[in-house]
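Engineer: There's a structure below that I have some questions on.
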Amino acid sequence: LSSYFSKAMSQAGTSQFQEVIRQELEYSMKVELDKILATAPSNELEHTKKDLEGFKKLFHRFLQEKGPSVDWGKIQRPPEDSIQPYEKIKARGLPDNIASVLNKLVVVKLNGGLGTSMGCKGPKSLIGVRNENTFLDLTVQQIEHLNKSYNTDVPLVLMNSFNTDDDTKKILQKYSHSRVKIYTFNQSRYPRINKETLLPIAKGVSCSGENTECWYPPGHGDIYASFYNSGLLDNLIGEGKEYIFVSNIDNLGATVDLYILNHLMNPPNGKRCEFVMEVTNKTRADVKGGTLTQYENKLRLVEIAQVPKAHVDEFKSVSKFKIFNTNNLWIALSAIKRLQEKNAIDMEIIVNPKTLDGGLNIIQLETAVGAAIKSFENSLGINVPRSRFLPVKTTSDLLLVMSNLYSLNAGSLTMSEKREFPTVPLVKLGSSFTKVQDYLRRFESIPDMLELDHLTVSGDVTFGKNVSLKGTVIIIANHGDRIDIPAGALLENKIVSGNLRILDH
């Protein structure tokens with residue numbers, strides 16, 4: 001069979017493998033999953049069973065699908081009214097009873113990710129972002145401020161993964177006296193599969209020690225099933241909650257917006273939206289972001305991975321697809337329940353290939369939360385200001401949010417009024433800055449960046465206290481050289497290279 005496997009895999013998704021092969025693969029997978037289930041201790045049995053059932057469905061769909069899941073010819077620009085400008089929604093103002101509207105809201109943060117890409121152990125949400133505050137601290141402060149200001153009870157729900165659950169729960173004790181109810185539920189735990197054999201690499205249910213690499217959380221599209229299965233969805237509906245606002249915990253711009261909430265709860269045409277996706281205008285930095293299109297008379301999120309190779313450049317063009325998905329989503333709880341019970345949430349499968357430390361090639365099957373937009377009724381895109389998209393994926397992003405470009409108020413970051421341009425400077429820190437601890441060591445204090453347009457730093461560079469950066473600044477230490485920017489230095493339109501010669505740019 002192995003030649004079949006490699007052939008099937010090389011054509012995975014590009015041709016219907018013979019039905020026989022598909023059935024063989026499904027049967028082999030079932031046998032392996034049953035073996036894994038047999039190793040589950042009784043207290044984990046029910047939970048593991050649910051996870052493996054969900055994985056089986058995903059695997060079945062993976063074997064069925066052929067090629068990139070969009071037919072490029074059917075992609076159209078969305079109709080005018082299907083993506084509303086935020087200004088228009090804000091112009092409606094707010095009703096007097098905004099507190100009663102707020103009481104129908106639940107804030108959900110996607111908290112499954114680790115801080116590994118920034119050289120940190122443990123959940124990403126526990127990385128310090130600003131004045132010792134972590135992503136989680138800022139989130140709790142924002143919602144607490146909301147609840148105090150309007151005398152409301154907006155709860156916070158964290159979707160954890162098996163990677164982040166323990167550490168997050170330990171930290172939550174410190175908020176026990178805050179004015180925010182905090183709930184958690186866990187994403188599914190799925191087995192990674194060997195790219196050649198298409199079988200799980202796990203031999204048992206354990207996830208510790210050498211088995212940690214055998215399992216993965218299957219992307220944030222898993223929210224619908226996990227939220228429903230946890231029982232939390234029903235509890236919140238029972239408490240009279242109607243909408244969730246979902247966003248990535250590392251997007252510091254994703255704060256509760258009362259105008260959008262009011263638009264959902266009191267729609268101008270009387271017909272409520274079940275799903276709202278906040279989109280924002282692309283810049284050159286966002287060419288790979290998923291975009292909203294019209295497809296078979298429905299709004300549909302198209303990700304770069306689904307685009308046929310011949311059209312990738314077209315997809316990336318800022319002129320044709322002007323907006324991208326911020327992953328700030330507003331979704332009706334009753335609609336999630338209805339669709340989940342009908343098994344009617346349709347999300348494209350993202351095949352994520354990885355190479356493990358030992359060199360083994362695996363794939364993990366994932367889905368994205370925004371891809372479900374086409375399954376909901378009366379969906380809407382809202383084109384929001386760029387300030388609602390402030391993700392911190394790298395230390396370059398961290399430098400921006402730690403700097404005087406932003407001021408912090410009740411957990412929310414806002415662009416300083418002293419900055420004359422609405423756009424954020426482009427910052428590229430080299431590999432010496434990738435890890436948070438290295439990055440922090442290289443800045444004695446965060447430079448003044450109010451008048452910065454562009455910063456590139458490469459090599460062994462350190463910054464003294466109270467440095468000011470303006471215009472375009474490029475600092476490149478050659479291999480073996482070190483550049484120390486002295487305390488109090490002002491660099492305006494400068495190129496600094498080699499052995500600290502400062503040239504005019």
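Every residue gets a Cβ built from N, Cα and C, even glycine.
Under the heading UTP binding site, TrEMBL lists Lys124, Gln187, Gly219, Asp250, Lys393. According to TrEMBL, the feature substrate binding site maps to His220.
Mind mapping these onto the model and telling me what they sit next to?
Structural biologist: Within its own chain, Gln187 (UTP binding site) has Gly112, Met159, Asn160, Ser161, Phe162, Pro217, Pro218, His220, Asp222, Ile223, Ser226 as residues 6 or more apart in sequence whose C-beta sits under 8 angstroms from its own.
Other Cβ atoms within 10 Å of the Cβ of His220 (substrate binding site), summed over all protein chains shown, number 24.
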Engineer: For the binding-site residues Lys124, Lys393, work out the Cβ neighbour count at 10 Å and name the residue with the minimum.
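Structural biologist: Among the binding-site residues Lys124, Lys393, the sparsest Cβ neighbourhood within 10 Å belongs to Lys393.
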Engineer: So how far apart do the UTP binders Lys124, Gln187, Gly219, Asp250, Lys393 get, largest Cα to Cα in Å?
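Structural biologist: That value is 21 Å for the farthest Cα pair.
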Engineer: List the same-chain residues at least 6 positions away in sequence whose Cβ sits under 8 Å from the Cβ of Asp250 (UTP binding site), in sequence order, or say none.
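Structural biologist: Listed in sequence order, they are Gly113, Lys124, Ser125, Phe135, Pro391, Val392, Lys393.
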